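Student: Just lifted these from TrEMBL, have a look:
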type	residues	note
TRANSMEM	20-41	transmembrane segment
TRANSMEM	82-101	transmembrane segment
TRANSMEM	291-309	transmembrane segment
TRANSMEM	329-348	transmembrane segment
Amino acid sequence: MTEAVQEGEKYVQKGQKTRYARIFYLFLMFLTAVQGIPFHIETKSTRIHSRDLLTLRCGSTASEHAVERLPAGRLRPRMNFLLWKIPFLAGLLSFGCFRSVTQITYQAINWASQRTWLPTTEEQMNLQTNVVTQVVNGPVITSISVLFASLLSTTIANLHSRQVAIQRSLVWEIHHLRELQLLMDSPLAQCCLSRQQHEEAKRLIQGYRERLLSQSTNFTDPHLYIESNLRSVSYWCDSVLSHYHQMVARRPTAPPVSPEALVDQIRRISTGLLEGRVNQWTALLSLNFPFVHYLTLSVLAISILVSFIVATAQGEVLFRSDGLQSVRILWSLLIMTFAALGVLCYDLSRPFGGSYKVEDVSQ
């Protein structure tokens with residue numbers, strides 16, 4: 001056993017430079033791949049969101065900002081492609097770093113246990129093989145894996161259901177918005193409203209439509225639009241009725257056509273728009289997991305990785321040679337799986353961006 005350890009140490013010292021060079025090369029590949037992944041893209045299209053409330057109220061349209069919104073649309077496919085390269089690069093990097101990770105872990109645990117963790121006698125090796133490994137592979141790994149799988153499945157299911165709820169609310173809003181546009185173009189609106197009132201109503205509808213398009217196509221947080229045009233539509237209805245009553249008071253003998261029927265329909269449609277907006281906010285707030293939720297998932301994943309290293313501690317000598325390459329492959333697959341799950345959760349956590357993004361409401 002001692003001779004095998006000495007031969008393994010000589011082999012490690014001989015190939016140490018080559019191994020570290022390979023690890024450094026894989027690390028550079030990883031950094032190069034993830035360099036273009038922005039968690040918050042700072043472009044013109046994102047900077048105009050804070051002033052959309054002012055520009056849209058002044059009558060600006062989507063065509064005026066088409067040049068500014070174009071870069072974000074081009075960055076989205078590239079960002080998604082680079083994001084899903086992380087699991088594969090993490091697997092390659094973990095395969096090259098496996099020997100170093102195990103050695104560092106063994107040294108850290110051995111130092112924390114006052115150099116009594118690594119087996120030195122045959123009795124300690126048998127104890128670790130027959131007791132420690134079975135305990136780790138038995139209740140420890142089983143309980144951690146069940147907790148991790150349950151919490152992860154709940155996270156993915158809730159995030160996906162949030163996407164469906166947001167998509168449904170956007171379709172609901174678009175349906176009522178088109179109904180409102182048809183109502184404004186109807187003969188009833190032409191008869192009951194003055195030209196100025198009709199233009200004001202169309203401007204409010206256009207502003208609401210622009211906000212929906214900006215929200216679903218430019219990574220915009222819908223919380224920016226809590227002060228939406230729905231309140232302005234309500235004020236507009238009150239002003240129309242007030243103007244009508246003033247005209248009736250001036251001309252009691254020949255009053256104009258009453259807009260009350262038109263206003264009632266507009267209020268009904270506005271209520272439907274508000275219902276869709278409330279459903280979207282409810283889905284975003286109720287299924288927005290806090291940071292401690294993802295921290296718990298990370299702790300469980302790290303516990304599984306540590307358990308993997310502890311369970312294979314009796315083969316620590318073999319790790320120093322060319323043996324047990326299959327263990328390195330299993331380690332790489334485990335890292336790749338956890339990286340893919342992390343990317344999936346991050347992708348689902350962005351409602352209006354990523355591979356699972358809510359579809360453009362303009363379609």
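Positions of Cβ are set from backbone N, Cα and C atoms, glycine also.
On this model, are these features tucked inside or out on the surface, and what's nearby?
Tutor: Cβ atoms under 8 Å from those of the transmembrane segment (291-309) belong to residues 101-102, 105-106, 136, 140-141, 144-145, 147-148, 151-152, 155, 331, 334-335, 338, 341, 345 of the same chain, restricted to positions at least 6 beyond its ends.
Sequence-distant neighbours of the transmembrane segment (329-348) (same chain, 6+ residues past either end, Cβ-Cβ under 8 Å): 80, 83-84, 86-88, 90-92, 94-95, 98, 152, 155-156, 159-160, 163, 294, 297, 301, 304-305, 308, 354-356.
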